[in-house]
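What follows is a set of notes on a single structure, which appears directly below.
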Amino acid sequence: MSPRAIVLKEPNGVNLVPHEGIFDISPVAGWKPLLPTDQVFGIFVVFIVLLTLFLVYWIKLRKADPLRNHSSFVLLMQMLFVWAQDTTADLIGEENKKFTPYFLMLLLYLVSSNLIGLLGGISPPTSSLTFTFSLGLATFLGIVIMGIRYQRWSFFKSFTFNITIKGKKYSTLIPNPLSFLGEFAPLFSISLRLWGNILGGTLILALFYNFWFFAFSTLSNKPLALSLGAIFAGILTPALHVYFDVVVGTLQGYVFVMLTYNYWAKMRNIGLEESQEAAQRLQNLEVAKEIIN
């Protein structure tokens, strides 16, 4: 996590508690929408990293000899694309394979955003609730589009109260508030899950770093105390960085992508089941007519 995102405050005025963009929730007096935050710089760095990655892949692919083995980097990128394409086809259908670039880019962007905190002075974009909420909004819009595409009018009927008459369900024009809340739940769940995990790692590392500084603060020689704190923190914290930045960061990016797959697949599967039920009812009706005739 970025040291700039871990700011502390002592009684003499030195910052010791995380505050930038985390606990400042006053939207009127303290809100400065035009003031860039640390995460904005992190987003720019991630963009440069991914752009460089794709340019290197494109150049290596153009220079590659089809009669010879490709480089490890080219093979890794191709394997990643094939995995994303197969996963897209398996979960949301062959007809939606055109969404493969989106899911692949989403995975690379999230993993890069989480790992960028390993670079000193750069805050991970995912430590900003605005950033994760924007990604969650894209997932939510995809849910709505998939629902309308496969369920048609049934998607809108799911937001109203249904009544059952003689075993058949009929939709009313009365809105069901619980259905609306349930539809918006994935938006908040997927956004807060990612943000909470990254922010939690940031806070734990902040506490761990400053524990060693406080442990040696009783020494009369302040420069020596700070030096010893930095040495012990530098020796013991790499394992925590590997877990919170690399393991958790990569895992949370993968989880976000798979949840997006599942939410979209749910809308598609409901629509396909309704279509199959309608086709089965029509087939039964035709069979009944043939028997009567």
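Using N, Cα and C of the backbone, Cβ positions are placed for all residues, glycine too.
Only residues 6 or more beyond the boundaries of the transmembrane segment (39-59), in the same chain, are considered here, and those with a CB under 8 A from a CB of the stretch are 2, 21, 73-74, 77, 108-109, 112-113, 116-117, 119, 122-125, 127-128, 130-131. Annotation source Swiss-Prot lists transmembrane segment at 39-59 (among others).
Residues 56-57, 60-61, 64, 99-100, 103-104, 107, 146, 261-262, 264-265, 268 of the same chain, all 6+ positions outside the transmembrane segment (73-93), place their C-beta atoms under 8 angstroms from a C-beta of that stretch. Under the heading transmembrane segment, Swiss-Prot lists 73-93 (among others).
Feature annotation from Swiss-Prot assigns transmembrane segment to 102-122 (among others); the stated evidence is sequence analysis. Sequence-distant contacts of the transmembrane segment (102-122) (same chain, six or more residues past either end, CB-CB distance under 8 Å): 1-5, 38, 41-43, 45-46, 49-50, 53, 80-81, 84, 87-88, 131, 135, 194, 198, 202, 241, 245-246, 248-250, 252-254, 256-257, 260-261.
Beyond the ends of the transmembrane segment (128-148), by six or more residues, the same chain brings 21, 37, 39, 43, 92, 106, 110, 113, 155, 183-184, 186-188, 190-192, 194-195, 256, 259-260, 263-264, 267-268, 270-271 to within a C-beta distance below 8 angstroms of the stretch. What Swiss-Prot lists as transmembrane segment is 128-148 (among others).
Sequence-distant neighbours of the transmembrane segment (172-192) (same chain, 6+ residues past either end, Cβ-Cβ under 8 Å): 129, 132-133, 135-137, 139-140, 143, 158-163, 256, 259-260, 263. Taken from Swiss-Prot, the feature transmembrane segment covers 172-192 (among others).
Taken from Swiss-Prot, the feature transmembrane segment covers 198-218 (among others).
Here Swiss-Prot flags 224-244 (among others) as transmembrane segment, drawing on sequence analysis. Within the chain carrying the transmembrane segment (224-244), a Cβ under 8 angstroms from the stretch's Cβ atoms is held by residues 1, 118, 201-202, 204-205, 208-209, 212-218, all 6 or more beyond its ends.
The transmembrane segment annotation in Swiss-Prot covers 245-265 (among others). Proximity of distant same-chain residues to the transmembrane segment (245-265), defined by a Cβ-Cβ separation under 8 Å and at least 6 residues beyond the stretch ends, is recorded for 1, 87-88, 91-92, 96, 103, 106-107, 110-111, 113-115, 117-118, 124, 126, 135, 139, 142-143, 146, 186, 190, 193-194, 197-198, 201.
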